[in-house]
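Asks: Pulled from TrEMBL, these are the listed features:
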- Asp28, Glu218: Mg(2+) binding site (BINDING)
- Asp28: active site (ACT_SITE)
- 29-33, Arg41, His45, 73-75, Trp77, Arg79, Arg199, 205-207: substrate binding site (BINDING)
- Asn76: active site, proton acceptor (ACT_SITE)
Amino acid sequence: MAILKMTKTKNEKKLEVILPEHVAIIMDGNGRWAKRQHKSRIFGHKAGMQNVETIALAANNLGVKVLTLFAFSTENWGRPQDEVNYLMKLPIDFFNTFVPELIENNIKVEGIGEIDDLPEKTRQAFLNAVEDTKDNTGLILNFAINYGGRTEIVDATKSIVNQVLQGKIKTEDIDEKLFQNNLLTNTLAEKANPDLIIRTSGEQRISNFLLWQSAYSEFYFSPKLWPDYTAEDLEEALAAYSNRDRRFGKIRES
Ligand code: IPE
Ligand code: IPE
Ligand code: MG
(Lines of atoms letter the chains of each structure in order from A and count residues from 1; the text may use other names and numbers.)
(Lines give C-alpha, C1' and ligand atoms only; values in the text may rest on other atoms or scores of the structure.)
(Ligands and ions follow the chains in the order given, each with its own letter.)
Protein backbone atom coordinates (compact mmCIF):
# COMPACT_ATOMS: atom_id res chain seq x y z
CA MET A 1 0.00 0.00 0.00
CA ALA A 2 1.36 3.38 -0.94
CA ILE A 3 0.61 6.25 1.37
CA LEU A 4 0.24 9.66 -0.23
CA LYS A 5 0.35 12.67 2.00
CA MET A 6 -1.55 15.70 0.75
CA THR A 7 -2.04 19.11 2.26
CA LYS A 8 -5.71 19.41 3.09
CA THR A 9 -6.24 23.02 4.08
CA LYS A 10 -4.39 26.27 4.42
CA ASN A 11 -3.74 25.54 8.09
CA GLU A 12 -1.43 22.72 6.96
CA LYS A 13 -3.62 19.92 8.29
CA LYS A 14 -2.43 16.73 6.61
CA LEU A 15 -4.81 14.32 4.96
CA GLU A 16 -3.50 10.80 4.51
CA VAL A 17 -4.70 9.01 1.41
CA ILE A 18 -3.92 5.33 1.21
CA LEU A 19 -3.79 4.24 -2.39
CA PRO A 20 -4.36 0.61 -3.39
CA GLU A 21 -1.42 -0.71 -5.42
CA HIS A 22 -3.44 -3.44 -7.10
CA VAL A 23 -7.04 -2.75 -8.14
CA ALA A 24 -9.10 -5.48 -9.80
CA ILE A 25 -12.40 -4.81 -11.55
CA ILE A 26 -15.19 -7.21 -12.45
CA MET A 27 -16.47 -5.26 -15.44
CA ASP A 28 -20.12 -6.27 -15.34
CA GLY A 29 -23.32 -4.94 -16.90
CA ASN A 30 -22.59 -4.56 -20.62
CA GLY A 31 -25.64 -6.63 -21.59
CA ARG A 32 -28.05 -4.71 -19.35
CA TRP A 33 -26.60 -1.41 -20.56
CA ALA A 34 -27.40 -2.37 -24.16
CA LYS A 35 -30.82 -3.77 -23.29
CA ARG A 36 -31.82 -0.48 -21.65
CA GLN A 37 -31.28 1.15 -25.01
CA HIS A 38 -33.07 -1.62 -26.90
CA LYS A 39 -29.80 -2.62 -28.55
CA SER A 40 -28.05 -5.99 -28.87
CA ARG A 41 -25.75 -7.25 -26.10
CA ILE A 42 -22.87 -6.95 -28.57
CA PHE A 43 -23.40 -3.18 -28.68
CA GLY A 44 -22.92 -3.15 -24.92
CA HIS A 45 -19.69 -5.13 -25.17
CA LYS A 46 -18.30 -2.66 -27.70
CA ALA A 47 -19.04 0.28 -25.37
CA GLY A 48 -17.54 -1.72 -22.51
CA MET A 49 -14.34 -2.24 -24.48
CA GLN A 50 -14.00 1.47 -25.15
CA ASN A 51 -14.39 2.18 -21.46
CA VAL A 52 -11.42 -0.06 -20.66
CA GLU A 53 -9.12 2.55 -22.18
CA THR A 54 -10.70 5.39 -20.16
CA ILE A 55 -10.42 3.55 -16.86
CA ALA A 56 -6.90 2.25 -17.57
CA LEU A 57 -5.66 5.78 -18.25
CA ALA A 58 -7.42 7.05 -15.11
CA ALA A 59 -5.88 4.31 -12.95
CA ASN A 60 -2.45 5.07 -14.42
CA ASN A 61 -2.85 8.79 -13.68
CA LEU A 62 -3.99 8.08 -10.13
CA GLY A 63 -0.82 6.07 -9.47
CA VAL A 64 -2.32 2.57 -9.29
CA LYS A 65 0.41 0.01 -10.02
CA VAL A 66 -1.64 -2.97 -11.24
CA LEU A 67 -5.14 -2.93 -12.75
CA THR A 68 -6.57 -6.40 -13.31
CA LEU A 69 -9.68 -6.41 -15.49
CA PHE A 70 -11.98 -9.42 -15.67
CA ALA A 71 -12.75 -9.54 -19.40
CA PHE A 72 -13.88 -13.15 -19.99
CA SER A 73 -14.45 -15.97 -17.53
CA THR A 74 -14.06 -19.71 -18.09
CA GLU A 75 -17.86 -19.85 -17.66
CA ASN A 76 -18.55 -17.21 -20.33
CA TRP A 77 -18.02 -19.88 -23.06
CA GLY A 78 -21.53 -21.00 -22.12
CA ARG A 79 -23.09 -17.89 -23.70
CA PRO A 80 -24.67 -17.95 -27.19
CA GLN A 81 -22.07 -18.61 -29.91
CA ASP A 82 -22.45 -15.23 -31.63
CA GLU A 83 -21.85 -13.40 -28.35
CA VAL A 84 -18.78 -15.56 -27.58
CA ASN A 85 -17.46 -14.93 -31.11
CA TYR A 86 -17.83 -11.20 -30.61
CA LEU A 87 -16.18 -11.29 -27.18
CA MET A 88 -13.24 -13.14 -28.77
CA LYS A 89 -12.96 -10.44 -31.45
CA LEU A 90 -12.96 -7.60 -28.90
CA PRO A 91 -9.34 -7.96 -27.68
CA ILE A 92 -8.21 -7.79 -31.34
CA ASP A 93 -10.13 -4.51 -31.84
CA PHE A 94 -9.02 -3.17 -28.46
CA PHE A 95 -5.31 -3.75 -29.02
CA ASN A 96 -5.43 -2.58 -32.68
CA THR A 97 -7.03 0.67 -31.56
CA PHE A 98 -5.34 1.40 -28.25
CA VAL A 99 -1.80 -0.07 -28.13
CA PRO A 100 -0.20 3.19 -29.43
CA GLU A 101 -1.97 5.13 -26.68
CA LEU A 102 -0.95 2.54 -24.07
CA ILE A 103 2.66 2.90 -25.19
CA GLU A 104 2.41 6.72 -25.06
CA ASN A 105 1.23 6.41 -21.47
CA ASN A 106 3.92 3.90 -20.45
CA ILE A 107 1.29 1.19 -19.72
CA LYS A 108 2.37 -2.45 -19.78
CA VAL A 109 -0.07 -5.17 -20.89
CA GLU A 110 -0.03 -8.51 -19.11
CA GLY A 111 -2.60 -11.25 -18.69
CA ILE A 112 -3.88 -14.17 -16.66
CA GLY A 113 -6.06 -17.01 -17.92
CA GLU A 114 -6.00 -19.97 -20.26
CA ILE A 115 -4.52 -17.87 -23.06
CA ASP A 116 -3.53 -20.92 -25.15
CA ASP A 117 -7.19 -21.96 -25.42
CA LEU A 118 -8.22 -18.68 -27.08
CA PRO A 119 -8.84 -18.56 -30.84
CA GLU A 120 -5.47 -18.08 -32.58
CA LYS A 121 -6.10 -14.48 -33.74
CA THR A 122 -7.20 -13.40 -30.26
CA ARG A 123 -4.23 -15.11 -28.65
CA GLN A 124 -1.86 -13.48 -31.13
CA ALA A 125 -3.36 -9.98 -30.65
CA PHE A 126 -2.88 -10.34 -26.91
CA LEU A 127 0.69 -11.68 -27.20
CA ASN A 128 1.61 -8.86 -29.63
CA ALA A 129 0.30 -6.26 -27.17
CA VAL A 130 2.35 -7.86 -24.37
CA GLU A 131 5.45 -7.80 -26.59
CA ASP A 132 4.87 -4.21 -27.80
CA THR A 133 4.50 -2.86 -24.25
CA LYS A 134 6.98 -5.08 -22.40
CA ASP A 135 9.48 -2.29 -21.68
CA ASN A 136 6.89 0.10 -20.23
CA THR A 137 7.26 0.87 -16.55
CA GLY A 138 3.92 2.48 -15.65
CA LEU A 139 0.63 0.77 -14.83
CA ILE A 140 0.46 -2.99 -15.41
CA LEU A 141 -2.81 -3.51 -17.28
CA ASN A 142 -3.50 -7.13 -16.47
CA PHE A 143 -6.30 -8.75 -18.50
CA ALA A 144 -8.06 -11.78 -17.07
CA ILE A 145 -9.13 -13.50 -20.28
CA ASN A 146 -10.52 -17.03 -20.20
CA TYR A 147 -9.74 -16.85 -16.50
CA GLY A 148 -11.32 -18.94 -13.76
CA GLY A 149 -10.16 -18.99 -10.14
CA ARG A 150 -10.98 -22.66 -9.62
CA THR A 151 -9.15 -23.75 -12.78
CA GLU A 152 -6.17 -21.68 -11.68
CA ILE A 153 -6.06 -23.47 -8.31
CA VAL A 154 -6.51 -26.92 -9.90
CA ASP A 155 -3.71 -26.19 -12.41
CA ALA A 156 -1.39 -24.99 -9.64
CA THR A 157 -2.12 -28.21 -7.74
CA LYS A 158 -1.32 -30.37 -10.79
CA SER A 159 1.93 -28.51 -11.34
CA ILE A 160 2.97 -28.93 -7.69
CA VAL A 161 2.09 -32.64 -7.71
CA ASN A 162 4.24 -33.10 -10.82
CA GLN A 163 7.16 -31.30 -9.17
CA VAL A 164 6.86 -33.69 -6.20
CA LEU A 165 6.63 -36.76 -8.48
CA GLN A 166 9.72 -35.62 -10.38
CA GLY A 167 11.58 -35.24 -7.08
CA LYS A 168 12.09 -31.49 -7.58
CA ILE A 169 10.38 -30.65 -4.28
CA LYS A 170 9.19 -32.58 -1.20
CA THR A 171 5.62 -32.58 0.13
CA GLU A 172 6.92 -30.73 3.21
CA ASP A 173 8.08 -27.90 0.93
CA ILE A 174 4.48 -27.06 -0.01
CA ASP A 175 3.40 -23.92 1.79
CA GLU A 176 1.37 -20.82 0.94
CA LYS A 177 4.34 -19.13 -0.69
CA LEU A 178 5.09 -22.09 -2.94
CA PHE A 179 1.40 -22.40 -3.84
CA GLN A 180 1.25 -18.70 -4.68
CA ASN A 181 4.32 -19.08 -6.91
CA ASN A 182 2.42 -21.66 -8.95
CA LEU A 183 -0.60 -19.44 -9.58
CA LEU A 184 -1.01 -17.35 -12.75
CA THR A 185 -0.48 -14.15 -10.76
CA ASN A 186 3.07 -15.20 -9.78
CA THR A 187 4.46 -12.74 -12.35
CA LEU A 188 3.07 -9.89 -10.24
CA ALA A 189 5.23 -11.01 -7.30
CA GLU A 190 4.38 -9.05 -4.13
CA LYS A 191 1.54 -7.27 -5.95
CA ALA A 192 -0.29 -10.51 -6.81
CA ASN A 193 -3.15 -9.96 -4.37
CA PRO A 194 -5.59 -7.14 -5.20
CA ASP A 195 -5.95 -4.57 -2.42
CA LEU A 196 -9.32 -3.54 -3.82
CA ILE A 197 -11.85 -5.45 -5.94
CA ILE A 198 -14.53 -3.36 -7.61
CA ARG A 199 -17.60 -4.92 -9.22
CA THR A 200 -19.92 -2.82 -11.34
CA SER A 201 -23.61 -3.35 -12.18
CA GLY A 202 -24.85 -3.88 -8.62
CA GLU A 203 -24.12 -7.62 -8.45
CA GLN A 204 -22.40 -8.62 -5.24
CA ARG A 205 -20.57 -11.85 -5.97
CA ILE A 206 -17.09 -13.02 -6.92
CA SER A 207 -18.04 -15.15 -9.99
CA ASN A 208 -14.87 -17.28 -9.83
CA PHE A 209 -12.50 -14.29 -9.91
CA LEU A 210 -9.14 -14.35 -8.06
CA LEU A 211 -10.36 -16.81 -5.40
CA TRP A 212 -6.99 -17.33 -3.72
CA GLN A 213 -5.77 -13.77 -4.19
CA SER A 214 -8.90 -12.11 -2.75
CA ALA A 215 -8.44 -13.60 0.74
CA TYR A 216 -7.88 -10.14 2.25
CA SER A 217 -9.07 -7.83 -0.54
CA GLU A 218 -11.42 -4.96 0.17
CA PHE A 219 -14.63 -5.09 -1.88
CA TYR A 220 -16.44 -2.16 -3.44
CA PHE A 221 -19.72 -2.55 -5.32
CA SER A 222 -20.91 0.10 -7.74
CA PRO A 223 -24.47 0.19 -9.10
CA LYS A 224 -23.18 1.68 -12.37
CA LEU A 225 -23.15 -0.55 -15.44
CA TRP A 226 -19.62 -0.99 -16.82
CA PRO A 227 -19.97 1.18 -19.97
CA ASP A 228 -21.17 4.05 -17.71
CA TYR A 229 -18.36 3.66 -15.15
CA THR A 230 -16.21 6.81 -15.11
CA ALA A 231 -12.83 7.99 -13.83
CA GLU A 232 -14.74 9.86 -11.08
CA ASP A 233 -16.40 6.59 -10.05
CA LEU A 234 -12.95 5.01 -9.78
CA GLU A 235 -11.73 7.92 -7.67
CA GLU A 236 -14.76 7.44 -5.40
CA ALA A 237 -13.90 3.76 -4.96
CA LEU A 238 -10.29 4.65 -4.14
CA ALA A 239 -11.48 7.24 -1.61
CA ALA A 240 -13.70 4.60 0.04
CA TYR A 241 -10.74 2.22 0.11
CA SER A 242 -8.63 4.86 1.80
CA ASN A 243 -11.10 4.89 4.71
CA ARG A 244 -11.14 1.12 5.21
CA ASP A 245 -9.41 -0.40 8.20
CA ARG A 246 -7.53 -3.46 6.95
CA ARG A 247 -6.62 -5.62 9.91
CA PHE A 248 -5.61 -8.93 8.31
CA GLY A 249 -6.94 -10.80 11.34
CA LYS A 250 -4.96 -8.72 13.79
CA ILE A 251 -6.10 -5.85 16.00
CA ARG A 252 -5.31 -2.20 15.62
CA GLU A 253 -2.99 -0.90 18.34
CA SER A 254 -4.31 2.44 19.53
C1 IPE B 1 -19.77 -8.15 -18.56
O2 IPE B 1 -21.05 -7.80 -18.95
C3 IPE B 1 -18.92 -8.63 -19.69
C4 IPE B 1 -18.67 -10.07 -19.70
C5 IPE B 1 -19.06 -10.91 -18.81
C6 IPE B 1 -17.92 -10.57 -20.82
P7 IPE B 1 -22.22 -8.86 -19.09
O8 IPE B 1 -22.24 -9.36 -20.50
O9 IPE B 1 -22.11 -9.91 -18.08
O10 IPE B 1 -23.49 -7.95 -18.85
P11 IPE B 1 -24.80 -8.34 -18.04
O12 IPE B 1 -24.37 -8.81 -16.69
O13 IPE B 1 -25.49 -9.42 -18.82
O14 IPE B 1 -25.58 -7.07 -17.99
C1 IPE C 1 -18.20 -12.04 -14.46
O2 IPE C 1 -19.41 -11.57 -14.95
C3 IPE C 1 -17.22 -12.21 -15.59
C4 IPE C 1 -16.74 -11.00 -16.23
C5 IPE C 1 -17.03 -9.77 -15.87
C6 IPE C 1 -15.86 -11.21 -17.34
P7 IPE C 1 -20.62 -12.56 -15.33
O8 IPE C 1 -21.70 -11.69 -15.85
O9 IPE C 1 -20.12 -13.63 -16.22
O10 IPE C 1 -20.98 -13.19 -13.92
P11 IPE C 1 -22.35 -13.81 -13.37
O12 IPE C 1 -22.78 -14.86 -14.34
O13 IPE C 1 -23.34 -12.70 -13.30
O14 IPE C 1 -22.01 -14.35 -12.02
MG1 MG D 1 -22.85 -10.11 -16.22
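The backbone N, Cα and C atoms fix where each Cβ goes, glycine too.
Just so you know, TrEMBL annotations never went through curation; they're auto-generated.
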Asks: Listed binding-site residues: Asp28, Trp33, Glu218. Which have a CB under 6 angstroms from an atom of ligand 3?
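Replies: Among the binding-site residues listed, those whose Cβ sits under 6 Å from ligand 3 are Asp28.
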Asks: Just to verify a number: CA distance, Glu218 (Mg(2+) binding site) to Gly31 (substrate binding site), in angstrom, no decimals.
Replies: 26
Asks: Quick check: in three-state DSSP terms, what is Glu218 (Mg(2+) binding site)?
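Replies: For Glu218 (Mg(2+) binding site) - judged by DSSP and reduced to three states - the answer is strand.
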Asks: For the C-alpha pair, I'd like the distance in angstrom between Trp77 (substrate binding site) and Asp28 (Mg(2+) binding site), rounded off.
Replies: 16
Asks: Near Thr74 (substrate binding site), which residues of its chain come within a Cβ-Cβ distance under 8 Å, counting only those 6 or more away in sequence?
Replies: Gly113, Glu114, Asn146, Tyr147, Gly148, Arg150, Thr151, Asn208
Asks: Enter the number of other CB atoms within 10 angstroms of the CB of Ile206 (substrate binding site).
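Replies: For Ile206 (substrate binding site), the 10 Å Cβ neighbour count is 16.
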Asks: If I take the alpha carbons of Gly29 (substrate binding site) and Asn76 (active site, proton acceptor), what is the distance between them in whole Å?
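Replies: Cα of Gly29 (substrate binding site) to Cα of Asn76 (active site, proton acceptor) measures 14 Å after rounding.
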